[in-house]
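Annotated features, as they stand in Swiss-Prot:
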BINDING   S143, Q144, S145, G146, T147, G148, K149, T150  ATP binding site
DOMAIN    130-300  domain 'Helicase ATP-binding'
DOMAIN    311-478  domain 'Helicase C-terminal'
MOTIF     61-74  motif 'Nuclear export signal'
MOTIF     97-125  motif 'Q motif'
MOTIF     100-114  motif 'Nuclear localization signal'
MOTIF     247-250  motif 'DEAD box'
Amino acid sequence: MASLLWGGDAGAAESERLNGHFSNLIHPQNHLLGIKSATIPNIDGSVNRIEEDDEDDVVDLAANSLLNKLIRQSLVESSHRVEVLQKDPSSPLYSVKTFEELRLKEELLKGIYAMGFNRPSKIQEMALPMMLAHPPQNLIAQSQSGTGKTAAFVLAMLSRVNALKLFPQCLCLAPTYELALQTGRVVERMGKFCVDVQVMYAIRGNRIPRGTDVTKQIVIGTPGTVLDWCFKRKLIDLTKIRVFVLDEADVMIDTQGFEDQSIRIQRALPSECQMLLFSATFEDSVWQFAERIIPDPNVIKLRKEELTLNNIRQYYVLCGNRKDKYQALCNIYGGITIGQAIIFCQTRRNAKWLTVEMMQDGHQVSLLSGELTVDQRASIIQRFRDGKEKVLITTNVCARGIDVKQVTIVVNFDLPVNQAEEPDYETYLHRIGRTGRFGKKGLAFNMIEVDKLPLLMKIQDHFNSSIKQLDPEDMDEIEKIEY
C-alpha cells in the first residue's frame, strides 16, 4: 500500500511539518522513514511524484466502477424496483427464482454454484430468461454494481458458445483494461467446467501479429484495440459473432472516441447476433447511445427508491477558518458516541491537512483520494470496513456507491460546490447518504465559513429539509444530540 504525500504552497515550514507526520498514514504500523520532499516511496518500491493539489478531486467513472467491483464481497440486494419494457408487449413475461429453471448445461450450473451464487438476484430473475431465449433477444439493461450483472451476461455468452468451433463467437467491450480483466475473470470462473471454451483479451499490450489464427471463442477488450483487431489486423471476423456485449455504457461514452469505435464495431455484426448493453445510469446521452447501437431491444430499467434525508439529522457549525472547523470537530467528537465517520473535503490539500491534525491527536485515520490506484483505494476501504481505522477522510471520489454499515456520522469539512461556486446538490445528497444507510439513522455535520451560509441555505431549501445550527462550544447541546 502506498503512503501518499501531497505538496502544497502553504509554505516550507508547514510542508515540512506535514511530511514528517504523513509517512505512516495509510498503514500506521508501517513506518516509512526517510521521505524526501519530492517523492514518496510505495511499499512495492515504486515512487509517487508530488504534484500541486489545490484542485478539486475529479471523479473517474471507470475507476469508481472498478473499485465497486473490487470491494463487493457478495451480491447486493437491490432496493430498486425492476421495470421491464418488452420489444413485443403481447409476449409473456418470464422470470425465474432458481438457476435450474433456466435449463442450463450441467457444466454451467456447476460453474455458477462454484462461484457462490445460490439463487438469481432481482435483476437476474428478469434478465436471464430474455438473455437465454431462443431465438436470441437483444437487451438494454440498467444495473447497479453488485447485482450480478456481469455474471448474467457471461452466462449468456457461455450458453451460446459452440466449443467445437475454434474462432471468436462472443465479443464483449469494456471501457478500460482493468474492467476487461475483471470480466474475463468472471468468464474463467464460471466457465471452469467448460473445458474447451477459452477467453482472449483484446487489450493494450497483448500484441498479436497480423494473420494470426485466433482460436479462442470469447474475446473481451477495449473498443480501440478490438477495432484494430477486427479491421486492421483481421484477427476477428465480426460476421461470425453470435453475442455482442457492451458493458459500462455510461463510462464508455464518457471516454473520448469510444462511442464512435463501438458503433463502428456493432455495424459490422450480423443481424442474427444477440446484442446486450449495460449501464449503471441512463441519462439522455446514454439512452441515445443505447438506442443507436442496440436494435429492437427489450429494456430493463430500475426505478430507484429516492435517496431520502428523512433519517439523517443535519447540523451546521459556523467557523472562521479551517482551524476553527477542526476545533469544532474535536468538540463534537468529545460530546457524542461515534461508530465510524467519513469526512469530506473539497481539495486534496485540505484532506491532507486534516488527516495530519487528527493523527497528531491520536485518531485512527485513513485517507482516500483520486491520486491512489484503484487497488490502493479498495484496500483502504476494506480496512475501514474492518474497523482498523475509525475515520475515513476523502474527497469526492468516495461520495457515492460505497456502503459501510458502521458509518454513523458524515462531516462536510467543506461544502460541495460546482465550478460556478454554486451548491452541488447531487454530491451533497450522496455525501451525507453515506450515513443513514440500511434503514438506520445518521448524523451529518456541515463545517462552514460565514460567507458560505447562503450556499447552505440553498441546499436546505432545495431538499426542503431542516439543517440546524450547532454551537460547538456548548457541550451540553452537543451531548443532547441523538441519532
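Cβ coordinates come from backbone N, Cα and C, glycine included.
Under 8 Å from some Cβ of the motif 'DEAD box' (247-250) lie the Cβ atoms of residues 61-62, 65, 150, 153, 172-175, 179, 183, 277-283, 286, 289-290, all in the same chain and six or more residues away from its ends. Here the Cβ of K149 (ATP binding site) has 22 other Cβ atoms within 10 Å, regardless of which shown protein chain they belong to. Secondary structure at S143 (ATP binding site), as computed by DSSP, is coil. For the motif 'Nuclear localization signal' (100-114), DSSP puts the residue distribution at 12 helix, 0 strand, 3 coil.
On the 0 to 100 pLDDT scale, the model's mean across the motif 'Nuclear localization signal' (100-114) is 92.
Around the Cβ of T150 (ATP binding site), the number of neighbouring Cβ atoms within 10 Å comes to 25. In terms of DSSP helix, strand and coil, the motif 'DEAD box' (247-250) has 2 helix, 0 strand, 2 coil. Under a cutoff of 8 A between CB atoms, and with a sequence separation of 6+ in the same chain, the neighbours of S143 (ATP binding site) are I123, A127, K149, F278, S279, A280, I300, L302.
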